[in-house]
Amino acid sequence: MSEKREGPGRIARDGAPPPRRRAVHHRFGVGRIALRQLRSRASLAVALGLSLAAAATLVASVVLIQSRATDEGLRSALAAAGQGANVLLERDGISQPAAFDAFQRDAATRVRTQLGDAVTAGAEFGKSLAVTVRTIDGVLQGPPVTWNPSVVSYTGLNGHVHIAAGRWPDDARVGADWQFTASARATDDLGGPLGLHVGSEYCFQYLVRARPVTEIWCGRLTGTWLPNNVSDPYWAGQVPDPDVSVGHDSYFQILAQMPDGIGGAEQQYVPAAANIPVANTDRVVKGVNQLRGYYSVSSNDVFISGLDTTITGFLSRQSAASGPTLVTALGLLVVAVAAMGFAALQFIQGHIGQAALWRARGWSRARVWSLFTLEFAVLAAVATPLAIVASAGITSAVGNSSATHPALSWQSFADAAVPALIAEGGFLMILALLAAARSGPELSQRRRDRSAISGRSWQRRGVDAALFAAGVGILVFVRFGGADPAGNGQGSGVVLALPLLAVGLLAFASLRLVAFVARILTASRGVAARLARWQVERDPAQYSRLCLLITLAVAVGVFASTYTASDRASAIDRADYMVGADMRATFSSAASPPQLAALSASLPSGVRSAQAFRDVGRPGRTGTDATILGIQGTGFWDIAYQRSDFASPSLRALTSRMTSTDPDGSVVPGTPRALSMSVYSSGLDARIEVEITDANGRVLDLPLSTLGRSGWTDVTASLSAAPGPITYPVRVRAVTVLPTGPRATGDVAVQNLRTDSGAVVESFATADGWWQEAFAPDPAEAPLTPTLLHAKDARPSVDIPINLQEIRLLPPPTSRPLPVLLASQTMSALGVSIGQSFPLHLDTVDVQLVPVGSFDEFPTYYPSRGDLLVVPMVSLLDRLGNLGATSPWANELWLSVPGSRVSAVTAAAAAQSTLLQTFLRSDAETLVLNDPLRRGLDEELGLGFLVALAVVVIGFGLQFLAAARNRVTHFAIMRANGIPRSVLRRSLVAEQIAVLISGLIAGTAIGLALAWAVLPIFHLGTLPEDLIPPSVFHLDPLTLVAVVLGTGALALVVGRMVAGSGSRVDVMATVRSLA
């Protein structure tokens, strides 16, 4: 029979627990003991509770921020799609009211069934084919007739408009006329105002008819209206300004009178973005596809909607953006779990003595584990409400700029509760596993013993060097795409896992740094320094967990600040790249040349401009349509956006090479200070100018003279008076005659263009290829033919008849090919090399080109969308004009605009009738920086750093509080031997500084390395605008210093407080306890 001692002097048989123990267990259950132990170790319990709350707050906040950012991103995508995301249903050939009403009812039911509240119903209306106005009050109109409206009938129109003039019509025919209304902003087919008159009779007819009888209906305009709100979903972005509106019955009566004016029934819907959360997008996309299948396929009706493609396009972009988001979330989760585990280990270590006592009294490991687990559960129960409140507050605070999350509400707490509870549940499971591993005090003792004898393994430099080399190697591998040769980037799981693995390896390798830093900082022979150094060198592993926590937390903060700064700089670069300059305006050159020179001259001071030409051409017979961009001179890069990595050599150097090899233009010998020419005038009002380019390609229009009196005169243009220095040699590009007054018809003759030294540039006495180009109203080109009509000194001259239009005299193009810069992709696709000429088919002509350089990126160029050739603009346009191209004129204006001048420049451009579109750098930058996905990631990174900072401060204080308590006996002995308390305090502070500096150095280096590695492969989208130009590594020194020093300062403040309290010991009481 085996026996065991249950207490002093008491023996019991196995399996027969003593009655007194049963009574003790009855009075002191595990729950009560857990509460007592929490109260007895209040500081440890508070630290662990705060760590649990911070970790759950981090998880819940990240989930909520990502959810909000995704929903806002979807709403932003739907708003950007505009009318493209609307839903339009149409059935043609409906001329009977019963069929019309049945279609409207059925369509409304089907849309509501498939899409629910994801869309808002707009107008239901009938619409005829276009008719043309025949008479107004009996007066025959045209030709030409520029008003060709449709007859429409909008259900409920009067509820969405107000009468501007007249009255609302009756839905009836009065005499021979139906009553109708129209928009007060009604316009004709050219966009001009119609000027409708209330009370007038308008008769319309359908011209394209199948019947021999002309179909005419007449109506009387009873009133004009204006929409109450053009943004009302009722209009779906399309107010029927050009059309005439009648009532329901009148509409079908008119169709009966005009059978060929076939009617149709339509319904339109707009997305209700607030009712389309990302979680509901699958149902919406499926519903749109179901409607498309029924109407477009089965019923052969018209169904138009980009709602599904807008949603799927955003989800694709959101999926692409998950790379940086996922890595960030995982990194933050690792820090949160590490901080929580660190606090839990300190908590368990602080209860080891009590656990040993319970084990000595017969408790099983399972019972000790249940005690620890219950304590953790109590702390988690207290931490969860704190996490819910904190995460709801944080999410609402960062979402205050969004109208969809204006303030903290009960819904905010409800949204935060689910992720917080799940996080706390997961953390509790981790703590329970940790408690199971640490529930035996004898195990903890063995671990301490192993730690004490593991100094040799800790100092094995080869292991640390191998970890460091592996971590650096992985980051370099990721940076240069080795982990993802297929280019899937952040969609690759390997790419996502490798950076985290590298961070872990580098963090472990850096643990040795604390001993090295301690050796440097404690180099003095003071007692405090020697004591701190002895503590560190005696057992450096005691700080391993804290160093790891500080390193990871600082790495998160540094990565957050660096990645945010780099992503912001790269986003701005991409916005600038897309626009090309501060402002870029495009113009139509289909009918006449845009007046870009006049516009540039009218711009405010401080604004600089450069003309450009953009068209599409085909190199050789490749079948490849390439964008042709004409620029002029290196001065273009004083205005256009560029970066040094776009090409090697730089784009400016390549442009200089292209300019210097341009063969066209009439070279002016020497370095003249003036150009002169003999000019004859018949007395017309005109201005004559000479256009030159210098060696840098800069275009200068130099005024020669103003014509007014008859006869011959010598006119001179000063080169010295030109704005800015001129780089020689210069070339004459054109002589221009511009009518300026009422006498705009007559003759001009020119002779002997020469320099101030007498060197003749062009005599105009022989036909040597010079030609003339005439602009509106009679554009034409023709060779110059000298005659004796207006001879001077018995020498021929070139006579130029002027009839209101501008005339340009140009030198002949050479037979040599024009130099061109090719995109690297284009050069590879064409299979040409530098110096290998090829023809370019542009418009209706061919121009010979020869590559002189290549580039990777060029502003506004996206390789996935086509090829690009950059040519010297002036020479290209002159050759196109000489060969008879239809629009050989510059059609873009690139501008450098100070911020205060943007409004004035935009208004000046808008006043041009040929303006197509303007692009502003400031608008593009604002758009990309306010991208909800980018804002969400920035908020997540910032929040992660703040939480990491909090757990570092908690962990730092907890570590040194435990260290001070474990050294109470040592401190008491040293105090008894005369060592002052201040020395003990300074020794603790020295240890803290060593740990902090090592963690800060390692964390900063790891954070920077991680940002450098992942920046090229992590993007917030897959569109070319999201990827080009490549990301740049950018440091924000102020934020970086604030992160590092702020972390160190806060931790040190807490550490000094702990050192002050930990160095206080009751010497006598401690010494007596040792007796």
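Cβ from N, Cα, C; glycine included.
So that you can see what the record holds, here are the features copied from TrEMBL:
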COMPBIAS  1-13  compositional bias 'Basic and acidic residues'
REGION    1-22  region 'Disordered'
TRANSMEM  42-65  transmembrane segment
TRANSMEM  326-348  transmembrane segment
TRANSMEM  369-396  transmembrane segment
TRANSMEM  416-441  transmembrane segment
TRANSMEM  462-482  transmembrane segment
TRANSMEM  494-522  transmembrane segment
TRANSMEM  543-563  transmembrane segment
TRANSMEM  941-964  transmembrane segment
DOMAIN    945-1052  domain 'ABC3 transporter permease C-terminal'
TRANSMEM  993-1018  transmembrane segment
TRANSMEM  1038-1059  transmembrane segment
Region pair the transmembrane segment (543-563) / the transmembrane segment (1038-1059), three or more CB pairs under 8 Å: yes
Looking only at the domain 'ABC3 transporter permease C-terminal' (945-1052), what are its DSSP counts of helix, strand and coil residues? 85 helix, 0 strand, 23 coil
Counting only pairs at least 6 apart in sequence, do the transmembrane segment (416-441) and the transmembrane segment (494-522) share 3+ Cβ pairs under 8 Å? no
Spatial neighbours of the transmembrane segment (326-348) not adjacent in sequence (6+ beyond its ends, CB under 8 Å) are 41, 44-45, 47-48, 51-52, 54-55, 58-59, 62, 66, 372, 375-376, 427, 430-431, 434-435, 438, 444, 490, 496, 499-500, 503, 545-546, 548-549, 552-553, 555-556, 559-560, 937, 940-941, 944, 947-948, 951-952, 954-955, 958-959, 962, 1014, 1018
Maximum Cβ pairs under 8 Å to the transmembrane segment (369-396) - stretch from the list 42-65, 462-482, 494-522: 42-65
What average pLDDT is reported by the model for the domain 'ABC3 transporter permease C-terminal' (945-1052)? 79
